[in-house]
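Each remark here refers to the structure printed beneath this line.
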Amino acid sequence: MNHILAIDQGTTSSRAMVFDEALTLKSVAQEEFPQIYPRPGWVEHDPSDLWSSVAATARAAVERAEIDGSLAAIGITNQRETVVVWERASGHPIHNAIVWQDRRTADLCHALAEAGHEPLITGRTGLLLDPYFSATKLKWLLDHVEGARARARRGELLFGTVDSYLIWKLTGGRAHVTDATNAARTMLFDIGRGIWDPEICGLLDIPMEMLPEVKDCAAPFGMTRADLFGREIPILGVAGDQQAATCGQACFRPGMMKSTYGTGCFALLNTGEERVTSRARLLTTIAYQLGGKRTYALEGSIFIAGAVVQWLRDGLKIIREAGETQGLALSSDAAQDLVIVPAFTGLGAPWWKPESRGAVFGLTRNSGPAEFARAALESVGYQTRDLLEAMRADWAAGAEGVLRVDGGMAASDWSMQFLADIIGAPVDRPVVRETTALGVAWLAGMQAGLCPGPEEFAADWALERRFEPQMEASVREAKYDRWGRAVRAVMAV
């Protein structure tokens with residue numbers, strides 16, 4: 001028994017991958033599911049869609065791998081912050097899952113901030129008082145579903161992030177657990193003491209009876225139902241998607257950084273045992289927890305990364321598929337200084353201006369599809385530098401001089417070269433791009449005794465290509481200064 005199933009439950013699709021004990025990918029299955037938008041700014045998922053897509057892809061991946069019953073362990077990684085509440089007795093959700101993107105609790109967050117509660121919340125959880133996180137979404141459910149809070153106090157209702165709900169379903173209701181990285185994203189978890197915070201739960205009137213047990217990222221989370229895979233399989237690894245990618249990128253030393261480019265972008269800087277309080281409105285979070293020991297990180301999130309390419313395709317209709325952007329960027333007029341600030345849903349870290357909206361600067365009569373494509377790709381590099389500048393300002397120990405990248409946009413050579421140019425540092429792209437699934441497969445495999453510990457795993461990390469800065473420093477700083485003026489203009493409107 002020497003294979004590991006990695007379940008990767010994302011925002012728009014569920015994926016499952018089978019790895020062998022050498023962490024070589026053997027099979028992949030993927031299934032998309034519907035997004036639900038009840039009102040502007042509201043985003044929901046039907047929990048039954050999450051479960052059915054996970055169950056279907058897990059079975060399909062195992063079947064395609066042709067591993068003849070040699071599945072030894074399961075790891076789960078997931079979209080973070082999304083909230084599910086379900087009945088303990090039946091397992092039925094009492095409402096759709098409220099997704100991390102959902103902004104319905106913006107007024108509540110504003111009221112809590114006005115009442116002076118943000119220092120307490122940030123000091124304990126490392127997070128900003130924002131609808132992005134789970135706590136106010138959970139309060140909204142308890143406030144708006146009739147009888148929910150009383151039922152929760154009686155122990156009839158359970159709360160979980162997506163990982164917790166999936167473990168409940170996989171184990172047939174035998175395990176109500178989560179891991180430290182997912183707990184750290186709820187805005188209810190004291191990341192210094194490693195416990196659910198009674199004061200914050202009291203402030204939001206959230207019954208602590210409904211909260212899951214918190215475990216290490218590599219730990220026994222429970223055994224699956226025997227009918228799912230022909231026998232019971234242990235769930236041995238769990239981490240939120242960005243923390244799993246941090247492990248998959250082997251960013252185990254303080255100072256190591258990774259940046260994942262999907263719809264948005266998430267950059268994490270390992271700060272080791274030091275819990276750094278950000279002055280630049282970055283998030284302080286748990287990178288991973290192993291053997292009861294927490295390793296911390298600074299995290300910055302960009303709302304729009306790959307989504308700016310989707311806008312070129314679906315909004316402006318100047319490309320038919322994402323792969324066309326690189327060719328267009330290569331053919332663009334370098335003399336034009338078009339700047340796109342893609343604040344379609346506001347500005348993320350380090351600005352946190354949800355009310356800001358996007359803009360295009362430097363438009364001329366000669367600006368065409370090629371210039372728009374280049375400016376769109378450049379915007380991702382500029383935003384990444386914003387995050388890295390904030391991280392350097394926050395942590396005196398400083399980041400190492402190399403950024404490891406993954407995600408869909410990392411496949412673009414042009415984008416990665418510009419990223420190296422604009423941050424003025426090498427950008428490393430790994431051989432294995434599926435770093436999120438790889439990270440949680442490693443966690444589960446390590447707990448199962450199949451995979452090595454962090455040091456040996458890091459030694460096996462393989463570089464596919466390093467992008468070295470080629471842009472002259474004067475050009476780099478002039479371009480970044482132009483970007484800064486554009487962002488300030490957007491925030492001033």
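For all residues, glycine too, the Cβ spot is worked out from N, Cα and C.
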ATP site partner of Thr11, Thr12, Ser13, Thr263, Gly306, Gln310 (as recorded in Swiss-Prot), chosen from Gly116, Gly155, Gly160, Gly408:
Gly408
Can you find which of Tyr37, Tyr132, Tyr261, Tyr288 Swiss-Prot lists as binding glycerol at the same site as Arg80, Glu81, Asp241, Gln242?
Tyr132
Compute the mean position of the Cβ atoms of Thr11, Arg80, Glu81, Tyr132, Asp241, which form the recorded sn-glycerol 3-phosphate site, and then list in sequence order the other residues of that chain whose Cβ is within 8 Å of it.
Gln79, Thr82, Val99, Trp100, Arg185, Gly240
For the recorded glycerol site, enumerate neighbouring residues of the same chain (Cβ within 8 Å of the Cβ centroid of Arg80, Glu81, Tyr132, Asp241, Gln242, site residues themselves excluded), in sequence order.
Gln79, Trp100, Arg185, Gly240, Phe266
Counting only residues 6+ apart in the same chain, whose Cβ is under 8 Å from the Cβ of Gly408 (ADP binding site)?
Tyr261, Gly262, Gly306, Ala322
What is the biggest Cα to Cα gap, in Å, among Thr11, Arg15, Thr263, Gly306, Gly408, the residues listed as binding ADP?
19
Other CB atoms within 10 A, centred on Arg80 (sn-glycerol 3-phosphate binding site):
25
Among Thr12, Ser13, Thr263, the binding-site residues in question, whose Cβ has the most other Cβ atoms within 10 Å in this structure?
Thr263
Work out how many Å separate Glu81 (sn-glycerol 3-phosphate binding site) and Gln242 (glycerol binding site) at their Cα atoms, rounded off.
12
Among the glycerol-binding set Arg80, Glu81, Tyr132, Asp241, Gln242, as the record gives it, the longest Cα-Cα distance in Å:
15
